[in-house]
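Here's what Swiss-Prot has on this protein:
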COMPBIAS  64-73  compositional bias 'Low complexity'
COMPBIAS  81-93  compositional bias 'Low complexity'
CROSSLNK  Lys60  SUMO2 cross-link
CROSSLNK  Lys131  SUMO2 cross-link
CROSSLNK  Lys161  SUMO2 cross-link
CROSSLNK  Lys174  SUMO2 cross-link
CROSSLNK  Lys217  SUMO2 cross-link
CROSSLNK  Lys310  SUMO2 cross-link
CROSSLNK  Lys412  SUMO1 cross-link
CROSSLNK  Lys412  SUMO2 cross-link
DOMAIN    18-49  domain 'HNF-p1'
DOMAIN    145-241  domain 'POU-specific atypical'
REGION    56-152  region 'Disordered'
REGION    352-384  region 'Disordered'
Amino acid sequence: MLSSFPVVLLETMSHYTDEPRFTIEQIDLLQRLRRTGMTKHEILHALETLDRLDQEHSDKFGRRSSYGGSSYGNSTNNVPASSSTATASTQTQHSGMSPSPSNSYDTSPLPCTTNQNGRENNDRLSTSNGKMSPSRYHANSMGQRSYSFEASEEDLDVDDKVEELMRRDSSVIKEEIKAFLANRRISQAVVAQVTGISQSRISHWLLQQGSDLSEQKKRAFYRWYQLEKTNPGATLSMRPAPIPIEDPEWRQTPPPVSATPGTFRLRRGSRFTWRKECLAVMESYFNENQYPDEAKREEIANACNAVIQKPGKKLSDLERVTSLKVYNWFANRRKEIKRRANIAAILESHGIDVQSPGGHSNSDDVDGNDYSEQDDSTSHSDHQDPISLAVEMAAVNHTILALARQGANEIKTEALDDD
């Protein structure tokens, strides 16, 4: 690829004592520039014109060094000036570029930016003595416009629609989204994979159950909805950016806000691994009641934290058991029992004898919770002693809490009797 460099590059850099080194991007841009049909003298003339414009506007816009730095400035001084005229064939090779009748330079800046409609202002030129001189639009932006600027108008339109959805009644939008998913046959697992929102949160939100989604997650969900409606299947190849946005109980620091429209910056939360001591406590409570209420879940969480709490050390947010984690564990436990019961029914229908579908589960819940499977072997070794101890401690903790509530009620009753 180096052998195909234009001769102008070798002449320009001949004063270097060492062989110049170029990046792949620079080589690609030089090749693109040469393929536009510009000659060596036209390229040098354009670069000299840009240098002169930078010098004239340095007081107003500051000195710029975006054309190769100081090394370029030294190299262009050693190159003779090009021809004073530009051929008509060269002028016609630049679409949208026509020479200005003015003999003076345009003193207004010519930035390489996009307007609100996503179109580049690449049709503005500064001329000298009726000759065309390329504007301050260099090859670097030519390589970028094909993939970074064309979607700006669509992004703005999607943002407007997302804001409109945020202002509408969420219950109506949920019905629309459910119908959309059913008609397109899009599973909630696919939506969860693209947006980074857990499947259970999506399911509960669409079914009007549980807490509402946060504003940022709701915007990400609505953005996916609008993009999928506009371009069916386009979002299926998207993946969330690697910036974690987790549930409020799991969050330790405020999440960063995405500044780039059209990107999803949501990801599933970290996985929580249940310790054996906590599993023993959970199993004991599960055997008593498979559907604990909020107060009971708080009690179970406190019992688990008391078991794993080490003296003089505070549990971190990742280690601490919360009522939400208890809720997910119980839901997964019931789901696993039901799944095993269904499997057992299928096997029995084929005349295969199976054991009770009970037992322990090691399946992951849809929110990313993970707990270890208990050892169902008949051997009872010393490593099970901590579990037995955990069960006893949980029972003691449960008794203490019950006595504390009973004692408080008795104190209130005695106070009323004294009055």
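Every residue, even glycine, has its Cβ placed from backbone N, Cα and C.
Over all protein chains present, the Cβ of Lys217 (SUMO2 cross-link) has 20 other Cβ atoms lying within 10 Å.
In this structure, the recorded sites under consideration are Lys161, Lys174, Lys310, and the one with the smallest number of other Cβ atoms within 10 Å of its Cβ is Lys310. Distance noted between the C-alpha atoms of Lys174 (SUMO2 cross-link) and Lys161 (SUMO2 cross-link) is 15 Å. Sorting the domain 'HNF-p1' (18-49) by DSSP state (H, G, I as helix; E, B as strand; all else coil) yields 22 helix, 0 strand, 10 coil. The two recorded residues Lys161 (SUMO2 cross-link) and Lys217 (SUMO2 cross-link) have their Cα atoms spaced 16 Å from each other.
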